[in-house]
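Asks: In case it helps, Swiss-Prot gives these features for our protein:
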TRANSIT   1-61  transit peptide
DOMAIN    291-453  domain 'Tyrosine-protein phosphatase'
ACT_SITE  390  active site, phosphocysteine intermediate
BINDING   390, 391, 392, 393, 394, 395, 396  substrate binding site
């Protein structure tokens, strides 16, 4: 167990620094290794501090996760408080018990660590020794019965900020969820909360009838929801679930007198106004679980698979193959057990293919996108229903689907982009798709593109103010038609030239002297002259070499335009050449 200690009265929080072991592989559901690395925390050191001026000592401990060795859940923490706690708990329809509000001036507020939305995981028993797992409403009520003494609570902080603004507008009517409206009869006592179970075991079968849904365990919730068909799964296609699950009940300690309850030591109204201003921006909330959308009958796109139950839900939806672009380190960072998910895929007979792409890396996406589309085409040709996923579902997975529609179905990039973004909330890297498109066409054209320009290049010269700067090169009428650079202020001069795919030599003429730039790559020509060189675009390959380009002061931007009929034909040919370079049996590039 790794510890994080905070002593009341000290000015700083002492943090442990765990070691990191790198090297675990990231495997596909059928046992094939594609790429990716994993991390495991090996250990940490604890530090203690004391303040003799204060009687109350607050101890905060970061708890290790479950029984898995050498790992810890940094979202979990333990805090010891005196009674009364001053915490109002809420039970949500998904079976979670979380902090609903904190009383002003209470011990919980003085701790300055507990936040609204933190899930209650464990609590110490009446003797104050053993930590007991909180599974249901009954376990929490047992803890709240005690009037005095100190209690240790283990809480878990959500990955994403809890939507406190929705709690502010809830009324008493919102807490009448299913209260007395649905009866539940069972012979299985394990479906009821702990405070309703008999202490002695009977010889016969006893029946139970419940009219308030707050007395269920998570297992009972799941059974009730399936029978009543009222449960809207977090993976429901094209439907955004509410930010928080409906509340079943709200409860706290029985303390005489009234007190003011709050949601934190910050101006909530200003926070809500800031959230309103940010509406329309995409943000990933891992706590909402896996989200997906149906694009076609055979293609689904969405966020990452988090649990084995997600695999079961996908299998029930008819998914037979998963194309995953999330890396092993990403999965570790989000607390996802990749091995258990791969095992669940094998159990459900769902093919899992892992091909990691770096998140928010336009260059890595551009280089790997052709093979991604090739893998997707191979899966579709084998009559698979494919779920394309990454971490958020906003970028890499949706970019793959858009590129597939653009390259394989002769749909324009604009139409494919609008179609996918209209069905699934996402914002893929559109320039990366356009850049990969020209790389594919260049593959058929032997690295060159004869036709309308494909890229816009801004040539940059850093010299002295007052200089006359001219640009000359392969693209200026065979070095005979110099282009005058524009002074942008200070030592910076710029010239924008629209070029086709290819490799170009160039130089600058500064006040009549021919010179090359020291801030851009250089190369000697056949005559021994040192020239600057720029490579516009690249050639797609089924085995991409992910080598970052050399540092260059010049700026290259891709041009997105409507393809000519000849370009569309060459694009379709190149994309299928990549796809046919993928082995249909092993689903990896042919040797």
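The backbone N, Cα and C atoms fix where each Cβ goes, glycine too.
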Asks: Counting other Cβ atoms within 10 Å, pick out the least crowded of the binding-site residues 392, 393, 394, 396.
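Replies: Least crowded of the binding-site residues 392, 393, 394, 396, by Cβ count within 10 Å, is 394.
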Asks: Can you check how the pLDDT averages out over the domain 'Tyrosine-protein phosphatase' (291-453)?
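Replies: Averaging the confidence scores along the domain 'Tyrosine-protein phosphatase' (291-453) gives 95.
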Asks: Cβ within 8 Å of the substrate site centroid (390, 391, 392, 393, 394, 395, 396 excluded): which residues?
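Replies: Nearby residues not in the site list: 284, 303, 304, 325, 359, 389, 397, 398, 426.
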Asks: Give the three-state DSSP assignment (helix, strand or coil) for residue 392 (substrate binding site).
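Replies: Reduced to three states, the DSSP call for residue 392 (substrate binding site) is coil.
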Asks: Does anything in the same chain, at least 6 positions from residue 390 (active site, phosphocysteine intermediate), have a Cβ under 8 Å from its Cβ, and if so what?
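Replies: Set apart from residue 390 (active site, phosphocysteine intermediate) by at least 6 residues yet with Cβ under 8 Å, we have 303, 304, 324, 325, 326, 357, 359, 396, 397.
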